[in-house]
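Asker: These came from TrEMBL, pasted as-is:
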| type | residues | note |
| --- | --- | --- |
| DOMAIN | A:20-439 | domain 'DUF112' |
| TRANSMEM | A:20-46 | transmembrane segment |
| TRANSMEM | A:58-74 | transmembrane segment |
| TRANSMEM | A:110-132 | transmembrane segment |
| TRANSMEM | A:138-159 | transmembrane segment |
| TRANSMEM | A:166-184 | transmembrane segment |
| TRANSMEM | A:204-224 | transmembrane segment |
| TRANSMEM | A:259-282 | transmembrane segment |
| TRANSMEM | A:322-343 | transmembrane segment |
| TRANSMEM | A:355-381 | transmembrane segment |
| TRANSMEM | A:387-407 | transmembrane segment |
| TRANSMEM | A:414-443 | transmembrane segment |
| TRANSMEM | A:470-487 | transmembrane segment |
Amino acid sequence: MGSLDGIITGFQTAFSLEAILFVILGVFVGTIIGMLPGLGPISAIAVMIPMTFGMEPATALIMMAGVYYGAIFGGSTSSILLNAPGVSGAVATSFDGYPMAQQGKAGKALAIAAIASFTGGTVSVVLLMLLAPALSSVAVSFGPAAYFALMLLGLTAIASLSEGSTIKALISAVAGFMVVTIGIDAQTGTQRYTFGNMNLLEGLDFLVIALGLFAIAEVCSLVLSRKDKSIGDTHNIGSLKLDKKDLKDMSGPMTRHSFLGFILGVLPGAGATIASFISYIFEKRLSKNPEEFGKGSVKGLAAPETANNAATSGAFVPLLSLGIPGSGTTAVMLGAFLVLGVQPGPMLMTDRPEIFWGVIASMYIGNIFLLIINLPLIPYFAKILKIPRPLLISLVIVFSMIGVYAISFNTFDLYMLLLFGVIGFLMRLFSFPAPPFILAFILGGMLEQSLRQALTISNGSLSIFLDDKIALSLLFLALLSFVFPLVKQLRKNKDKATEA
Amino acid sequence: MLKTMNQKVSLVLVAIGALYLFGAFRIPSYPYAIVDADVLPKTLGVLLIVLSIFLFFAKDSETEEQKKRRDIPKKEIGMLLGVAGLILAYILLLEVIGFVLTTALFIFFCSFFLGYRNHVASGITAVVFPLVLYFMFTELLSITLPSGVLPF
């Protein structure tokens, strides 16, 4: 069986000295960036991509995966200490983590978060090892029609699950798709929207979009909030020790939400944020003393922390086995794969087992180091939160600029970065979510290609989507995910109207 | 007439959609393709306009907090424009005087502009940070950054 050989190769790759060093570096940097207010895994991954140039793809991706789950973990630290989640996936963590910190038990809260993250991360990697190859072998048989439908489902799911207005999320996705049509059309060689500009022939690089919409836009928000004094007032962290009762309280939620979080992470559009919220609500419903929630409950902290880390590994399932990211963060992760010349998808497991299994196997190591690094170093990490805002802003800008410049060596892209930073900031001001935009941008090229391939096979007839059973059912799901929130919103409006 | 923010935004979006669609109709056709290069842009243009019309009539779903985000004091808008100006200056100077000098100047002046007055700390950051990055990129990653007027 080839898969066993693959697993062995993967573990060999992941346990090489080089890979271990880089996974440590990855989780370390990820934790720090994730802790910084506003800078989440998307910015962390995008900023780190230039560092991987010239590295061995397997090692580079092992490091990037470490950055990803490190950033998710780092987000919870600032949630607990400052009630200022660095990432949306850590918002639910602050519900009980921050009250606990206010009671002088910050150390305990951080320890619970670290152990819950470790459990969620580790259990879900086992599940990832089981599910990803199975899905890969199914996906090998997918034709272009099914692929098109699958990507469309990913887009509609993320749009309908985004916070706020579904229409705005869809507009955001369409806009991302529009931007990707800039450049030479891959199928016919026709120039589209290049306005005769040489620099636009190859289209815009995804780092320009990712760093612009997330990092630079975040800089604008940081500029506005730079005078908020609340940051940096961390009191004593307190003891990190947990007693037996705490561990007993944690075990239930940790088991449940390792699985639930993983499943939610696999589903397109869901991801860490939704997983953590659902877990929190679920645990509260299940609890005999729901009134404790929100006041520093151990269970209320362990549940979302387990779930958001489990969801992180879950999100790797569609990314590795289908080559289709289900969230904004995994979309940027896919970008990191493509920059290194690796195309994730059903063939990755057989063609590049050292990458497929190496990345998965490295997650065991990464999670262990996350625990080892975090528990003793937490008090020192907390100091990073005190870095003066003006300095932080300047450094984030510089990092983003070099990141973009190092791919193209062209200042044109830097102007584009600034432009997309402005666009990203305007989107924030008017509550248009950015993740659908970046997902549409990453998927856009593949989506168009598979659509046109499918229609070329069928000689232009749309019936190919009806004949392909997989495509048809996926399209149906996409339609459902699209109609459902609209109906829900209409109902809400009606209720409001009758109340008034 | 335009009461809600949604309505104002949707009009801007319709205009963008129309411009994009106009561009889509000017894409030259390629005779041998079953699905030509202009099909998708035309679809997207129409889709954006349709969605914007939906947005025009949609109930305002923004929370108070989201609305508050738009109340930016005039002085802060000046700050944002100032930072944008500094970024532009960075881009213009990068290939002329080189990465290390431009970055050092940028870190120092941008922090100063944003109200950071600890000159020693920002001076040290401005010198150390670009040098470390420069050597990391050029030596470890073999990516050449513009050296500019400095001799290395």
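Here the Cβ of each residue, glycine as well, is placed from N, Cα and C on the backbone.
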Asker: Is the transmembrane segment (A:470-487) packed against any residues at least 6 beyond its ends, judged by a Cβ distance under 8 Å, and which are they?
Answerer: 142-143, 145-146, 148-150, 152-153, 155-157, 159-161, 166, 170, 269, 454, 464
Asker: Need a quick answer: max count of Cβ pairs under 8 Å to the transmembrane segment (A:166-184), which of A:20-46, A:58-74, A:138-159, A:204-224, A:414-443 is it?
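Answerer: Comparing A:20-46, A:58-74, A:138-159, A:204-224, A:414-443: A:414-443 has the most Cβ pairs near the transmembrane segment (A:166-184).
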Asker: Taking contact to mean 3 or more CB pairs closer than 8 A (sequence separation of 6 or more), are the transmembrane segment (A:204-224) and the transmembrane segment (A:20-46) in contact?
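Answerer: Result for the transmembrane segment (A:204-224) with the transmembrane segment (A:20-46) is yes.
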Asker: When you scan the chain for residues with a C-beta under 8 Å from the transmembrane segment (A:322-343), skipping those not six or more beyond its ends, what do you find?
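Answerer: Here the qualifying positions are 40-42, 45-46, 49, 52-53, 55, 57, 60-61, 64-65, 68, 135-136, 139, 147, 150-151, 154, 157-158, 206-207, 210, 265-272, 315-316, 352, 355, 407, 434-436, 438-439, 441-443, 446.
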Asker: Of the stretches A:58-74, A:138-159, A:355-381, A:387-407, A:414-443, which racks up the most C-beta pairs under 8 Å with the transmembrane segment (A:20-46)?
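Answerer: Comparing A:58-74, A:138-159, A:355-381, A:387-407, A:414-443: A:58-74 has the most Cβ pairs near the transmembrane segment (A:20-46).
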Asker: Tell me whether the transmembrane segment (A:110-132) sits in contact with the transmembrane segment (A:355-381), defined here as at least 3 Cβ pairs under 8 Å among residues 6 or more apart in sequence.
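Answerer: In this chain the transmembrane segment (A:110-132) contacts the transmembrane segment (A:355-381) - 3 or more Cβ pairs sit under 8 Å.
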Asker: Mean pLDDT over the domain 'DUF112' (A:20-439): what is the value?
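Answerer: In the predicted model, the domain 'DUF112' (A:20-439) has a mean pLDDT of 86.
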Asker: Given the transmembrane segment (A:58-74), which of the listed stretches A:138-159, A:355-381, A:387-407 has the most Cβ pairs that are under 8 Å apart from it?
Answerer: A:355-381
